[in-house]
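Pulled from TrEMBL:
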DOMAIN    48-226  domain 'Wntless GOLD'
DOMAIN    227-496  domain 'Wntless-like transmembrane'
TRANSMEM  233-253  transmembrane segment
TRANSMEM  265-284  transmembrane segment
TRANSMEM  296-318  transmembrane segment
TRANSMEM  339-359  transmembrane segment
TRANSMEM  379-407  transmembrane segment
TRANSMEM  428-452  transmembrane segment
TRANSMEM  472-493  transmembrane segment
């Protein structure tokens, strides 16, 4: 009777908690879909061909494509040939943003990709596996009349991957190659109002620099930055969720410290998962509005990596701690085979990120994919991480299968158990199934919304209402994993309820006033609990 009452109360509480969390989940999606604009904006830029015929011109002043002090322009390369202007004296200039606009710290980052307009010419054909050498410089200023201040200068090499759809004959001269986009630049902050890019294509026939790259007609850039409106909504969500998770963490750990036993492994892992979620939530991005913190993208990747590594570790330990008759529990060392691939994969992805975004802190034009060695190294890290992920999921699927097999065996023998043992197993089974359902729902929603955001146009329009699908994906999934961690700490916080004089001195066999813990594992570092001792004794009898 008592077991049925407890189970009914638990079911009712879980339904109430599940309903509340569902409401907050819907709100998280609606905030992104109805309030926030699209996450990013892509702006096309066409470079202006400027003339710079002075000696050592690579060390001279910056060339502006427009404005009061704009450079001397070339209409096209035919004009350069007629005026006997050499390729080394031509500078491709791009001003960011477009005229009459300003950049803002709310844009958070800038990512640029390059597209080359290359025409076919019989006497200047594009060689196979051709490489283009770029002499690039980046500068900034915050007033239209200030001098430009250099941010970075580098000489970069990019591989050209182009196809030509027509026969290479005289009749095809002037037609353009179809070339892949090239990675150009990435900056982790937008702290200034105006930026200027100067690109030179130095030619040295003796060294084979920029020889056999075809006839370049234009250089186009596409700049991608985060929308300021989305940034404000994102910051607001972080600011709201940070105290929410902190409060439940304090409450959860306080419930654990009030116990007469030491915390068990599962409780520690859940608390660590809460810490990693809080690490993501803390809105340090607010400081990027006033400071030029170019490392914020790298820092964000590290925070996400820590959370996902902790989440994957939690799933393994959660399943392992619910293998009810397993003796090797409550010790982290018992999970080294399963947690090892997570650590190796996370380390590989961290090294890959440091080789890419870590180097970009000094050289924003750098890309690990532009060289053979860099590409092979990056692919090696990604492949190793992928193998580790596959091994992890094999371990996880095997452990989930074992847990459900144990559950099936225990459910058939529950009626013959003593009340204390039956209540313990009923609590474990009920919470395990409930959490597995939530976990599968969260994983499925993440995959579904990611696919939808990739295959749709970015927004849905129903009458006068426009839903930003990509924004809803970001805010909804971010809110969902926060709610997942919140639910974990709420459901697995130790219970301090007293089951009464008659139960304590009757079937349970424990003293009146002692706490009966049914929500977590039944062993801890100081030895088994009273309930476990009793259950083992009765099982032996």
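Note that Cβ sites are derived from N, Cα and C of the backbone, with glycine treated the same way.
Please treat TrEMBL annotations as automatic predictions, because they have not gone through curation.
Long-range contacts of the transmembrane segment (296-318) within the same chain, counting only residues at least 6 positions beyond its ends with a Cβ under 8 Å from a Cβ of the stretch, are 108-109, 186, 188-189, 265-266, 269-270, 272-273, 276-277, 279-280, 284-285, 288, 332, 335, 338-339, 342-343, 346, 349-350, 353-354, 357-358, 361, 392, 395-396, 399, 435, 439, 481. Among residues of the same chain six or more beyond the transmembrane segment (233-253), those with a C-beta under 8 A of the stretch's C-beta atoms are 28, 31-32, 35-36, 270-271, 274-275, 277-278, 281-283, 285-286, 471, 474-475, 478-479, 482, 485-486, 489-490, 493. Counting Cβ pairs closer than 8 Å and at least 6 residues apart in sequence, the transmembrane segment (472-493) and the transmembrane segment (339-359) reach fewer than three and form no contact.
Counting residues 6+ beyond its ends, the transmembrane segment (265-284) has Cβ neighbours under 8 Å at 235, 238-239, 241-242, 245-246, 248-249, 252-253, 256, 296, 299, 303-304, 306-307, 310-311, 313-314, 317-318, 321, 329-332, 481-482, 485, 488-489, 492, 494, 520-521 in the same chain. If you average pLDDT over the domain 'Wntless GOLD' (48-226) in this model, you get 88.
If one looks beyond the transmembrane segment (339-359) by at least 6 residues along the same chain, the residues whose Cβ comes under 8 Å of a Cβ in the stretch are 186, 188, 297-298, 301-302, 305, 308-309, 312-313, 316-317, 332, 366-368, 374, 377-378, 381-382, 384-389, 391-392, 395.
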